[in-house]
Amino acid sequence: MTIYFYCIHDQFYVVRYFMSMSLRTRYERCSTPSAKQCFVVSSVILNMISYGLTTGYNATLFSELRKTREIALDIHSESWLASMMGITLFVGSVIGSLVMETIGRRSAVLMSSIFMICGWTSFSFASSFPVLFIAKLFQGISAGIGTNVGSILIAEYSSPKYRGSFIATIPTGLLLGIFISHTFGMFYGWHQLCIILLFFSLPGLIAIVFSPESPSFLVTKGRYDECRKIFRWLRGTDEDDELETMIKTNMILQETKKVEFCNVSKLIQNKLAYGVTAFKKKEFRIPVLIMMHLSAIMQFSGSLVCDMYALDVHTALYGTDVYMFKVMTSLDVLRLVATVSAVYITSRVRRRSMLLVFVSLNIVTDLCIAGHVYARQHGLLPFDHWAISLFLHHFLYFIIGTGSMPLAIIIGGEIFPLADRGFCSVISRIFCSVYMFVNIKSAPYLFSSVGVDGAFSLYALIHSYSLIVTLILLPETKDKTLERIEDEFRGHTIANHEEAFEMKDYDVRDDGD
């Protein structure tokens, strides 16, 4: 009996030893730099999903309120609710820029999460137009803060080898949020849906609460010991060279600021002079004009109006809204596929060729939708089958997701000059916000005056003009360095560089003779 007891006792310790080794191995795997980076990046991606939820929620909100008249909305109030996103995105991006530079990147995302939850809470108690307006205000500012800070925070959290993959998940998170909202919209009304989506927004808040501050922000505030601690917690000790270089560079910048502190009174004058000087430079002026027209191509592509005013578009295109949420859910899946396809296509096809093909297809599809809607409403079709509308609708979303939308983002990251990149980004964001507001605000009035067919014909006209101007101004940018692209905007082509080199070489030989 004693021998049996000791055997059991020994077996117990052996089992406990192996269990402790197994738990330790699991802990070590979960505490690797890549796992830690996945966790902190998830705080941004979960908030991106929340921003997608707000876009998809519009379809349920507007369609339900039109049918039930629970809250009376006319064409003016509905257009204001929908178009507020354009204004509040810009306001949120300005707030986010100030917060991330003064309080911190983590604090900006935390503020964005709180604003989002306040928005969903306001929707759950909404019984009048002003409360809906306040809810939209909260959510628009939240999305503006988060989309402005999100990619920056991911880049500062992650190692170079993971950075591209992490940033590429941002549009996927947005589309996933739209998909979730449309899926639940098939089963629940707007009031119940906002409560469900509120719980989908909570994980982003919880994740950012337990995430550390960005090491890049800490170094700008001179908190070097804390920066080293968090940087090594995120990335280990293999990237200490980047850490020490970042700290030394900031020390030099801080010394420079101390020397130039006396010139702060001239800051406004210098900024105005900088703006005037920048617009005189071709490498600044031409990219801004290109982005002005690329933003028009992206905002007036048709998908934004289809998402915001799904009931109008579906009724005009299909003759009924019975299958609206099922169709929208399939469109969301298609957009996810198109996003993945865009990554492959942009790595293979030249930018100008891709722009010409996909935007031209977008124009043709807009005209086909306009013609089909007009012919169906006036009884001019020899036969009317839902498959025609379904194909045109899905083909439009695929073209936009594969070409029109990613091209504007990709080209915008390539053509801005290095010295003025921040100023160019602000101007580009202003154009996007203005176009978004004008597009969404004007859509109900266009639908009531010229119909859905007239609105899509107008979008085709805007696309045609923007495409012609962009092709005239835009050089090929694929597989070129940013310096070479900037030189081409200045007018310094490769031929000019070679000619200048030959002349210099000729002068050297003459001096030698």
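For all residues, glycine too, the Cβ spot is worked out from N, Cα and C.
Among the features that TrEMBL reports, domain 'Major facilitator superfamily (MFS) profile' is placed at 40-478.
Sequence annotations record features per position, and here TrEMBL assigns transmembrane segment to 38-60 (among others).
What TrEMBL records for 80-100 (among others) is transmembrane segment. For the transmembrane segment (80-100), same-chain residues at least 6 beyond its ends with a Cβ under 8 Å from one of its own Cβ atoms are 55, 58, 62, 73, 107-108, 111-112, 129, 132-133, 136-137, 139-149, 152, 217, 308-309, 429-430, 432-441, 443.
Residues or ranges marked as transmembrane segment by TrEMBL: 107-126 (among others). Here the transmembrane segment (107-126) has long-range neighbours at 43-44, 47, 50-51, 54, 71, 92, 96, 99-100, 132, 134-139, 141-143, 145-146, 149-150, 153, 190-191, 194-195, 197-198, 201-202, 204-205, 208-209, 213, meaning same-chain residues at least 6 beyond its ends whose C-beta is under 8 angstroms from one of its own.
Annotated transmembrane segment per TrEMBL: 132-154 (among others), in sequence order. Under 8 Å from some Cβ of the transmembrane segment (132-154) lie the Cβ atoms of residues 41, 44, 47-48, 50-51, 54, 71, 80-81, 84-85, 87-97, 99-100, 105-106, 108-109, 111-113, 115-116, 118-120, 122-123, 126, 163, 166-167, 170, 214, all in the same chain and six or more residues away from its ends.
Remote same-chain partners of the transmembrane segment (166-184), defined as residues 6 or more beyond its termini with a Cβ less than 8 Å from a stretch Cβ, comprise 37, 41, 44-46, 48-57, 59-60, 150-151, 154-155, 157-158, 193, 196-197, 200, 307, 325, 328-329, 332-333, 335-336, 339, 343. Residues or ranges marked as transmembrane segment in TrEMBL: 166-184 (among others).
Marked as transmembrane segment by TrEMBL: 190-211 (among others).
Annotation comment: TrEMBL describes 288-311 (among others) as transmembrane segment.
Among residues of the same chain six or more beyond the transmembrane segment (323-346), those with a C-beta under 8 A of the stretch's C-beta atoms are 56, 59-60, 63, 168, 171-172, 175-176, 178-179, 182-183, 185-186, 306, 310-311, 314, 354, 390, 393-394, 397-398, 400-403, 406-407, 410. If you look up TrEMBL, you'll see 323-346 (among others) marked as transmembrane segment.
Nonlocal intrachain contacts for the transmembrane segment (353-375), taken as residues 6+ away from its ends with a CB within less than 8 angstroms of a stretch CB, comprise 297, 301-302, 316-317, 345-346, 381, 388-389, 392-393, 395-396, 399-400, 402-404, 407, 411, 451-454, 456-457, 459-460, 463-464, 466-467, 470-471, 474. What TrEMBL lists as transmembrane segment is 353-375 (among others).
Taken from TrEMBL, the feature transmembrane segment covers 395-418 (among others). Outside the transmembrane segment (395-418), and at least 6 residues removed from its termini, the chain residues within Cβ reach (under 8 Å) are 281, 283-284, 287, 290-291, 294-295, 297-298, 301-303, 306, 331, 334-335, 337-339, 341-342, 345-346, 351, 354-355, 357-359, 361-362, 365-366, 369, 424-425, 428, 474, 477, 482-483, 485-486, 489.
Among the features that TrEMBL reports, transmembrane segment is placed at 430-448 (among others).
Sequence annotations record features per position, and here TrEMBL assigns transmembrane segment to 454-474 (among others).
The predicted model assigns the domain 'Major facilitator superfamily (MFS) profile' (40-478) a mean pLDDT of 84.
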